[in-house]
Amino acid sequence: MEELLLWERPCSFLLCAHGTSNSSGPSCFGYPLSIFFIIINEFCERFSYYGMRAVLVLYFKYFLQWDDNLSTAIYHTFVALCYLTPILGALIADSWLGKFKTIVSLSIVYTIGQAIMSVSSINDLTDQNRDGSPDNIPVHIALSMIGLILIALGTGGIKPCVSAFGGDQFEEDQDKQRSRFFSIFYLSINAGSLLSTIITPILRAQECGIHSKQRCYPLAFGVPAALMAISLVVFIVGSRMYKKVKPQGNIMVQVSKCIGFAIKNRFRHRSKEFPKREHWLDWASEKYDKRLIAQTKMVLKVLFLYIPLPMFWALFDQQGSRWTLQATTMDGNFVGYFLFFFLYVHLQQTVNPILIIIMVPVVDAVIYPLIKKCKINFTPLRKITVGMFLASLAFVAAALVQVQIDKTLPVFPAAGQSQIKIVNLGTDNVAINFPPPLQQVNVKPKGWVSNKTWRITSTCNVSYSEDISPNTVHMAWQIPQYFILTCAEVVFSVTGLEFSYSQAPSNMKAVLQAGWLLTVAVGNIIVLIVAGASKLSEQWAEYVLFAALLLAVCIIFAVMAYFYTYVDPNEVEAQLDEEEKKQAKKDMDMYEKQAEADSQM
């Protein structure tokens with residue numbers, strides 16, 4: 001208790017100035033003080049993840065000596081695994097350990113994984129002949145795969161728990177503060193991402209090693225490992241301030257059984273002699289209580305809304321692939337070496353977080369209040385719809401840029417064709433004198449009495465011509481598409497996190513967060529399917545295809561959102577509590593009456 005009082009004192013004046021919170025724990029600026037530990041934890045964790053990921057493909061290619069295809073395949077497999085494991089973390093949190101213990105346990109696994117990755121990149125580990133190259137690559141590959149698996153389990157496992165755990169810290173009457181928390185939370189994610197993707201490539205560029213100096217992958221992986229350890233320590237330090245919701249059993253197993261029994265029971269009673277029920281899940285009422293059925297209805301309603309959402313991520317994640325490749329065909333000379341490097345190599349990883357850091361406060365503090373003043377009911381689902389529309393618009397902008405790029409690209413022969421270039425070699429001849437070393441030529445004609453020394457000079461004619469013109473479309477033309485997509489991300493992703501939390505029952509909040517993250521993994525699969533099936537030869541046409549697909553999905557989602565009825569899980573559960581109390585009282589009264597009747601007999 002003394003520790004809590006020490007934390008309360010510095011904020012006492014601020015509480016007077018800004019209003020007090022009804023939270024039972026210490027607060028500052030009207031927010032539970034515990035959320036600041038959670039935000040710092042998230043910043044450090046995201047620095048760790050994105051920092052490691054920023055140099056991962058380079059590590060595969062230049063250290064493990066894999067080709068481009070294998071490096072890309074392993075990289076995307078790792079990313080997909082990071083977005084599939086949240087389901088496991090959510091199940092552990094909601095059904096067994098609770099969010100706090102799950103975050104701590106999996107963060108330890110995460111930190112170990114990062115440490116193993118750092119060790120795996122030490123070339124001196126197997127460099128027996130000290131030639132600067134590892135002699136036993138399989139050892140490094142094995143360590144790398146173990147490290148990546150542990151990292152995927154850790155980062156994926158805690159991903160749905162941290163945001164939901166942050167939401168748990170607020171009281172029921174702190175909806176505004178909770179909404180603002182999710183914006184700050186998302187801001188911390190992008191701040192960590194931005195700094196790490198700038199710093200870790202610089203760390204990799206350093207030279208280190210015991211026997212020979214090489215690119216310093218151990219440092220590039222070691223700093224993220226250290227930040228993950230700091231993240232864990234910070235989170236544990238705030239332990240006594242957290243509001244910890246206890247897990248309520250293996251809820252997913254109960255939900256699955258409830259759904260299965262409802263379907264089976266409905267199938268058994270499909271004849272007309274059995275009256276219809278209000279909802280198909282009500283067919284489970286013979287075996288399961290009202291509370292579980294009501295909670296399952298809430299979860300399924302939200303998961304049904306998630307069905308169209310992967311299409312957004314299918315477009316969004318192409319920043320790191322198609323849009324980066326687009327940048328390689330553009331002119332970057334105008335920006336100078338430093339900025340060019342990050343635009344060229346880390347365009348998606350730096351420009352997007354910068355815009356996020358700018359846009360989140362602007363949208364949250366300016367745009368939304370203006371919309372509210374215009375008396376427009378900008379509900380969460382409407383925000384998500386607008387985000388999908390903006391992402392579609394961003395790809396239209398990318399297609400327009402691509403059309404301009406295509407005009408400057410050389411025309412290469414297609415399969416079965418030949419191309420002949422006639423080059424005028426007679427222009428701009430340049431004569432260069434190369435002074436060779438002094439050469440001795442021994443000439444002894446009849447009657448000569450000494451050798452003759454000759455200095456020989458050479459003249460070389462150099463001709464040059466321009467075959468392919470340099471790129472003339474500047475990278476700056478990509479900024480509008482990044483700006484539009486960032487605006488889409490702000491209203492889509494931040495809102496999605498908040499919506500998933502607000503519509504989830506108390507015992508399934510992490511599960512819905514995992515469901516939201518699962519849409520990211522499905523979106524990446526959609527990219528592979530659509531790109532492989534489209535067979536479009538023009539890149540601009542592929543951009544238009546994705547834009548059209550998302551626009552169609554956006555319209556479908558808007559219709560689904562129109563018919564969605566928002567619920568307050570706390571209110572529903574309170575009503576169920578009241579009904580259970582009334583039923584218990586009724587049962588008790590009947591029991592007492594029966595007991596009284598039995599005693600009279």
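Even glycines carry a Cβ here, placed using N, Cα and C.
What TrEMBL says about this one:
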type     : residues : note
TRANSMEM : 73-93    : transmembrane segment
TRANSMEM : 100-117  : transmembrane segment
TRANSMEM : 137-158  : transmembrane segment
TRANSMEM : 179-199  : transmembrane segment
TRANSMEM : 219-238  : transmembrane segment
TRANSMEM : 298-316  : transmembrane segment
TRANSMEM : 336-363  : transmembrane segment
TRANSMEM : 384-405  : transmembrane segment
TRANSMEM : 479-499  : transmembrane segment
TRANSMEM : 511-531  : transmembrane segment
TRANSMEM : 543-564  : transmembrane segment
REGION   : 577-601  : region 'Disordered'
COMPBIAS : 579-601  : compositional bias 'Basic and acidic residues'
Contact between the transmembrane segment (73-93) and the transmembrane segment (137-158) is defined here as three or more C-beta pairs under 8 Å separated by at least 6 residues; is that satisfied? yes
Quick check: do the transmembrane segment (73-93) and the transmembrane segment (511-531) share at least 3 Cβ pairs under 8 Å, counting only pairs 6+ apart in sequence? yes
Looking only at residues six or more beyond either end of the region 'Disordered' (577-601), which have a C-beta under 8 A from one in the stretch? 290-291
Let me spell it out: take the transmembrane segment (543-564), skip the flanking residues so only those 6+ beyond its ends count, and list any with a Cβ under 8 Å from a Cβ in it. 301, 304-305, 308-309, 311-312, 314-315, 318, 322, 379, 381-382, 384-385, 388-389, 391-393, 395-396, 398-399, 402, 530, 534, 536
As a test: from 100-117, 219-238, 298-316, 479-499, pick the stretch that has the greatest number of Cβ pairs under 8 Å with the transmembrane segment (511-531). 298-316
Stretch of maximal Cβ-Cβ contact with the transmembrane segment (298-316) [cut-off: under 8 Å; candidates 100-117, 219-238, 479-499]: 479-499
If we skip the immediate neighbours and take only residues 6+ beyond the ends of the transmembrane segment (219-238), which ones have a Cβ under 8 Å from one of its Cβ atoms? 34, 36-38, 40-45, 47-49, 51-52, 55, 59, 103-104, 107-108, 110-111, 114-115, 117-118, 121, 196, 199-201, 203-204, 206, 208
If one takes Cβ-Cβ under 8 Å and requires six or more residues beyond its ends, the residues near the transmembrane segment (479-499) are 163, 178-179, 182-183, 185-186, 302, 309, 312, 315-316, 319, 323, 347, 351-352, 355-356, 359-360, 363, 380-381, 383-384, 386-391, 393-395, 397-398, 401, 513, 516
